[in-house]
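Here is what Swiss-Prot records for this protein:
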- CYS18, CYS54, CYS88: [4Fe-4S] cluster 1 binding site (BINDING)
- CYS163, CYS167, CYS170: [4Fe-4S] cluster 2 binding site (BINDING)
- 9-128: domain 'MTTase N-terminal' (DOMAIN)
- 149-384: domain 'Radical SAM core' (DOMAIN)
- 387-455: domain 'TRAM' (DOMAIN)
Amino acid sequence: MKQETAQNKKVHFISLGCPKNLVDSEIMAGTLMKDGYEVVGEADQADTVIVNTCGFIEDSKKESIQRILDMSDLKQEGKIKKVVVAGCLTQRYKDDLVEGLPEADLFVGSGEFQNIAKILKNSDEGEKQKTFFNLPTYLQEEATPRVNSQPGHRAYLKISEGCMKRCAFCAIPLIRGNLQSRSIDAIVAEAKLLVAGGVKELIIISHDFTDYGFDIRRKDPTRKESPVELLKALDQVEGLQWIRLMYLYPDGITQEMVQVIKNSTKIVKYFDMPLQHVNDQVLKSMNRKMTRDEIETALMNIREHLPEAVIRTQFIVGFPGETQEQFEELLNFVAEQQFDRVGCFKYSPEENTPGGRMENQIDEETKQYRHDALMEVQQNISREKHSDFVGKTLQVIVEGFSEETDLLLQGRFWGQAPDIDGVVLINDGQAQVGDMVKVHITDNMEYDLIGEIVVEN
């Protein structure tokens, strides 16, 4: 009988949640491929399915559980042999999850994902241990195997793990631990490798970009790791065309940082800056270490020096104790500030967080009303903002055919991040995926722009 080895075993990934979790999936895929596994695109083609879960909010947890159960059904039908549960949900609930999901074969926390090849190999050889939990202290190095799951012209670049903030609504520190920053040298080395592989756009991700390097400098004040120094170093990477920053905390956006972004031809003028609220009392309850005045100062700093900047933010409505008056202050603030993009979440109480233990929780009907009211205000703003682009020519990176029809190409201009923002639909002109082209904008929709490629003689 032929002995099965890693060289003829197939694995499929289901990666849920944020881009930071996706990078962990990419590292697991790279590690397994290096060990001889084949990564396949469909679950029923695989021997093993790894569900990299999200445990951040209630909806994410439900989705993770459902996908695990779906894969368990495939296993019961004999279509796959093994179900591995990895990621944040596993790390957060540990033994409770193991007890509640006997159908799964292995449980790998976010502190052990880097050992996935060894864990799978030992399991295949008959080892009985099925739980692998540890503190999430792992930071990838330049040589860490990784498979870029994005279109070849873009990639996520994770610069740190964990978070030093303690927002009352957030479970991330419980799951991912305290801030651990990678060195600038390691980040730049990975950036160069990605660019050498064809990447034109790097999307910089962490739990808070503006805290980058604080942990390193606290241990050794002579070290240079800081947001500004990292930006300067990445700006020197040859062949890189766009650098996109995600998850900026408002009080960390300094004038020096804004000037570095202003002076760069690579760092796109795009600020992803979750504010969560604007009322001072609600911010205090959320344990957000800022005031409305400080938020407005940060916004003024950006707009004064970069009037063309695209600002994306997100808010939480229905946090415990939020009054109608406090919500209306937020609503008026959104109308006044005219943000380019806004995401809105209904507060979800999380176990073992200060917010989850608070009294005066808001009922679901009120949360839904506030969510819908805020998004209605923002939809009108977004439509107006997009109309301002009509008649302008924008640099666009081509992503492929439209999701709606193969008759249109689809791309993004520098003010659109993948997956969370709209797109540019191109109805005239030809280009290849990954091409940077100039597009003349002829029309707009609520979240998307429409245009035609400018042919340069």
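Just so it is clear, glycine is given a Cβ too, placed from its N, Cα and C backbone atoms.
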Binding-site residues compared (CYS54, CYS88, CYS163, CYS167) - highest count of Cβ atoms within 10 Å: CYS88
Counts of helix, strand and coil residues, the domain 'TRAM' (387-455), according to DSSP: 1 helix, 33 strand, 35 coil
Extra residues within 8 Å (Cβ to Cβ centroid of CYS18, CYS54, CYS88), [4Fe-4S] cluster 1: LEU16, GLY17, LYS20, ASN21, THR53, GLY55, PHE56, SER60, GLY87, LEU89
Remaining residues near the recorded [4Fe-4S] cluster 2 site, that is with C-beta within 8 Å of the centroid of the site residues CYS163, CYS167, CYS170: LYS165, ARG166, PHE169, ALA171, ILE172, PRO173, HIS207
Rounded mean pLDDT for the residues that make up the domain 'TRAM' (387-455): 90
Neighbour count (Cβ, 10 Å) for CYS18 ([4Fe-4S] cluster 1 binding site): 18
Neighbourhood of CYS170 ([4Fe-4S] cluster 2 binding site), C-beta criterion under 8 angstroms, separation at least six: CYS163, GLU350, THR353
Helix, strand or coil at CYS88 ([4Fe-4S] cluster 1 binding site) [DSSP, three-state]: helix
